[in-house]
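*Asks:* The structure that follows is given in the form of structure tokens.
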Amino acid sequence: MEPNLAIQAVARPKTPIYQRFTAALQSDPRCSQEVALGRRIGLYRFCGDIGRGNFSRVKLAVHQLTKDKVAIKVVDTSRLDAKALRMLSREVTTLESVFHPFILRLFEVIETLGKIHLISEWVQGGELYNRIAEEGPLEEYHAAVIFHQLLLAVKHLHNLGYVHRDIKAENVLMVSDDRVKLADFGFSTQLINGPWQHLDTFCGSPPYAAPELFSDDHYIGGPVSIARTCVLIRTILHHFICKGKHNFRLISG
């Protein structure tokens, strides 16, 4: 008996769209050229620059299948010392472990020769620091909403056993006038014994630091994060820009 070819054709499983798309990219010589020229990484095509650091650049990119915009932090690992590599590892570990509406979401990490690409959601509004510097203090209502969101983010981190340790206006990204995302987890650490565990490493921006970081040889991780958030609220409400050695002397002296 002859097999029913029509039935076989219907029953044959279709190749998923994702697999077809990636196969097409791999066979496209233009894609290979863009990768070689640094215009593409994986399924993401770079389309602009967002910012630059000492050993990294942040680029705007578009996912070629979903057309979603993302931010890609490109880190030159060949120029990092042991301390910077530990910070990068902590940032990746923390962001891979947390998922919260007020914390920047890390989608994936792609490693190539000498570089690591951290692919995260794109927050169009930029840093809270720049917003305050350019437009002055926020209205009390917006400041209260942002404060509440940051406290929820900090609480979520503490519940998972993490502390940020560098909460400041530069590390808060503006989604809109009354919605933010906490970012930059390079100084974060995991607390095996919970948020009340004692720490002895001074890190983060001094102008936002809690008083005990200047007077004691140790501190408790959880309360220090709350203190930094409270200093940030002063920045939001009173246009007190915490930056530079002068502010460090004011606080530590």
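Glycine too: its Cβ is placed from the backbone N, Cα and C atoms.
Quick paste from TrEMBL:
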type	residues	note
DOMAIN	44-253	domain 'Protein kinase'
BINDING	LYS73	ATP binding site
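For each feature listed, report its degree of burial, its nearest neighbours and the pertinent distances within the displayed model.
*Replies:* Reduced to three states, the DSSP call for LYS73 (ATP binding site) is strand. With a 10 A radius on its CB, LYS73 (ATP binding site) counts 21 other CB atoms from all the protein chains.
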